[in-house]
Amino acid sequence: MRLGAGVAAALAAGHPVLACESTILTHGLPAPRNLAVAAEAEDLVRSLGVVPATVGVLDGEVVVGLSGPELERLAGAPGRVKLSARDLPVAVATGATGGTTVAATAHLAHRAGIAVFATGGLGGVHRGAATTFDESADLPALASLPVVVVSAGVKSVLDVAATLERLETLGVSVAGYRTHAFPGFYVADSGHRVGQRVESPQQVAAAWRAARALGLPGALVVANPVPRDEQLPPAEHDAALADALAALDAAGIGGQDATPFLLQRVRDATGDRSLEVNVAVYRNNLTLGARIAAELAADPVTPPG
Ligand code: PSU
Ligand code: MN
């Protein structure tokens, strides 16, 4: 694993760093928008006084803190793959190039000493998981990695209720950011409730410090809804989702390809409006993630023992 130059220096100096996932870059957005969004994301984080560390794998090298030219390589790499944590060893051995999922990014961020990580939406329990067993590796990763993850809830293409149950079972702390309505990625409210809420980056930092002091093993998910004036209109969302789920069924697609397929279908059905919402979601999470990272760096935690 290689740390980007700016990232290594920032960590050594105790400056705030925010890890960013790259599946949005490799699989979430079409070229050339993907690269524009990645570059804009880095600028946004920097403008808040925080060093961005986008995580990805280039020709088998795991990088935490891709440079501008490296982001460009990743965004345009033919045959780029989607890498969860378990995929990393063989990706390294075979020289693969790919974006990292929440599970892989959380793992690598933690290993690099980065406490906060921003993404769009988490993976979780897929619809029909009772028979397919398709549950994202994001879930067990969050159970065992002590990172703050800022996300707009879980992707609405999933079984949100089941995912919330699994997060509870796995002992993952979940707090709504200024809301008890669990966000639904494209929409501010998934229709499901989240029991705990936090009001500020300071409170998130305090919760993370408490988790460290209490020796809890897992992540703290900050569920940050997209602003209502930027969400996909709920009726449009529901119609697009129904269409996407029917198409998935008809195409018989499963496994790792299910999420990218569903998101693409939602995009087709909404004439790219969902794409703009996806970007708004990501921006909103980067902003909050950077503020939390700044707060944690201002008063760092010394692990007990
Ligand atoms: N954005 C996309 N496609 C994706 C993802 C994000 O456009 O596939 C990723 C996220 O990185 C998340 C992962 O961690 O999907 C979950 O996928 P799976 O259910 O295969 O674990
Ligand atoms: Mn899966």
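Each Cβ is built from the backbone N, Cα and C atoms, and glycine gets one as well.
If you take the C-beta of E21 (active site, proton donor) and look for same-chain residues 6 or more apart in sequence within under 8 angstroms, you find T54, V55, G99, T100, T101, V102, T105, F117, A118, T119, G120. Per TrEMBL, the feature active site, proton donor maps to E21.
DSSP assigns A137 (substrate binding site) to coil in the three-state reduction, outside any helix or strand. Listed in sequence order, S84, A85, R86, T101, A103, G123 are the same-chain residues six or more apart from A137 (substrate binding site) with CB atoms under 8 A from its CB. If you look up TrEMBL, you'll see K82, V102, S136, A137, D138 marked as substrate binding site.
As annotated by TrEMBL, Mn(2+) binding site applies to D134. Around the Cβ of D134 (Mn(2+) binding site), the same chain contributes V125, H126, G128, G254, G255, A258, each under 8 angstroms and 6 or more positions distant in sequence.
Secondary structure from DSSP puts K155 (active site, nucleophile) in coil. Positions annotated as active site, nucleophile by TrEMBL: K155.
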For ligand 2, pick out the binding-site residues K82, V102, A137, D138 that have a CB under 6 angstroms away from one of its atoms.
none
Would you identify the secondary structure of V102 (substrate binding site) according to DSSP, in three states?
helix
Let's check the environment of K82 (substrate binding site): how many other CB atoms sit within 10 Å of its CB?
19
Listed recorded positions with Cβ under 6 Å from ligand 1, out of V102, D134, D138, K155:
V102, D138
